[in-house]
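**Q** Please see the structure below; I have some questions.
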Amino acid sequence: MENDTSPIEGKEWVSTLVWDWIEILRLIFAITGIIGNTLVIVVYVHRRRMRNTTNAFIVNLAVADLITSIFIIPIPVLSNIPMSPVGRLYCKMIFNLVFMWISIVASLLTLTWVSLERYFAVVYPMRYRVIFSKWRPRAIMACTWLSSVVINTFNLYIVDLNETGKCQNHWPSLGFRYLIATSVFFLEYFIPMVIMLVANIITVRTLKSQARALLQRDQSRFSPAYSLLEARRRVIETLFIVIITFIVCWTPDQIGFYIYHFGGVPDTYLGEPLYRFMVLLAFANSCANPIIYAFKNKHFRHGFMNMVRRKGNRVGSNADSLAGEEEFNTVNVTVRTVRPKAVSRSQQPSQRSLNRS
């Protein structure tokens with residue numbers, strides 16, 4: 001019984017953490033992500049004018065990225081773990097980084113919902129009022145986190161402590177391994193990516209169509225309606241950059257993950273610099289979003305600056321706020337007042353790393 005509650009005799013508890021360039025960059029990304037995402041959350045909390053549906057989703061995204069950033073901080077891995085319930089729990093929860101993967105999936109699902117929210121706001125504004133009523137965004141965000149937990153339950157099943165005191169994956173069968181690899185690739189990467197791209201492409205095309213309709217009816221580029229359409233365009237542009245960044249960061253890792261589980265590369269591939277770099281690139285996504293907001297959005301940019309300068313100045317203008325649904329409703333009302341029929345026509349429908357292996 002004593003051997004079951006202590007490390008294997010004569011061996012060290014903790015593996016040495018080698019601080020190579022990949023681990024150093026990983027720490028830099030973690031610190032950047034923690035600071036940046038915390039600022040996004042604080043700016044949202046302290047700026048009442050920014051409290052709208054899209055920004056609520058973006059803050060949910062920042063919370064997910066903040067959790068991810070915390071868990072990508074390099075820490076030594078325990079080895080020669082005692083054969084005990086605590087040891088098994090360590091493998092399933094800590095070594096396996098299950099909380100990090102839950103937050104990563106929540107981040108992806110939140111990005112998907114942001115794209116759909118903007119899609120309905122622009123393409124189906126009347127349905128938007130019903131689908132994204134006051135309480136439903138909160139329910140959607142709660143379901144996003146619950147879904148992330150459910151999706152990651154398989155990790156608790158396949159990772160366990162072996163007889164040598166090390167955490168290891170245990171696949172019941174090759175078919176089960178193929179099933180999990182395929183499900184993860186499509187549910188957590190490919191399908192959401194397609195939804196985001198299609199939704200944003202349709203949204204952008206609809207915005208262009210609405211802008212052309214305004215100009216064809218002698219609406220000035222300096223009119224309130226056109227200015228608000230431009231605000232829409234800037235919102236979608238920012239979100240599009242966020243989505244493209246996600247795809248660029250996660251595509252190499254996801255493809256490598258999928259190929260590895262189908263035997264396309266040897267087991268040593270997981271320790272090679274190329275794959276470690278792909279994992280590092282995926283982790284970089286968690287600190288990228290706050291940087292994008294800082295450069296692309298006036299409200300968040302001024303909010304960041306005021307946080308640093310400790311000033312309470314009000315920031316931005318209504319036309320520059322990040323996806324305020326009031327903007328979009330004002331645009332629809334203004335344009336309908338000018339040319340009801342024209343607007344009616346224009347508004348018709350036209351992320352795995354080493355521990356996952």
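Positions of Cβ are set from backbone N, Cα and C atoms, glycine also.
Residues or ranges marked as domain 'G-protein coupled receptors family 1 profile' by TrEMBL: 36-293. Residues annotated as transmembrane segment in TrEMBL: 24-45, 57-81, 93-116, 137-158, 178-202, 239-262, 274-295.
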**Q** So, do the transmembrane segment (93-116) and the transmembrane segment (178-202) meet, by the test of 3 or more Cβ pairs under 8 Å (sequence gap 6 or more)?
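**A** With 3 or more qualifying Cβ pairs, these stretches touch.
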**Q** Which listed stretch (57-81, 137-158, 239-262, 274-295) has the most C-beta pairs under 8 A with the transmembrane segment (24-45)?
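**A** Comparing 57-81, 137-158, 239-262, 274-295: 57-81 has the most Cβ pairs near the transmembrane segment (24-45).
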**Q** Taking the transmembrane segment (57-81) as the reference, which of 137-158, 239-262, 274-295 gives the largest number of Cβ pairs under 8 angstroms?
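**A** It is 274-295 that shares the most Cβ pairs under 8 Å with the transmembrane segment (57-81).
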**Q** For the transmembrane segment (274-295), give me same-chain residues lying six or more residues beyond its boundaries with a C-beta closer than 8 angstroms to one of its C-beta atoms, as numbers and ranges.
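**A** Distal contacts: 22, 25-26, 29-30, 32-33, 36-37, 39-40, 58, 61-62, 65-66, 68-69, 72, 107, 238, 241-242, 245-246, 248-250, 252-253, 256, 301, 304, 322, 351, 353-354.
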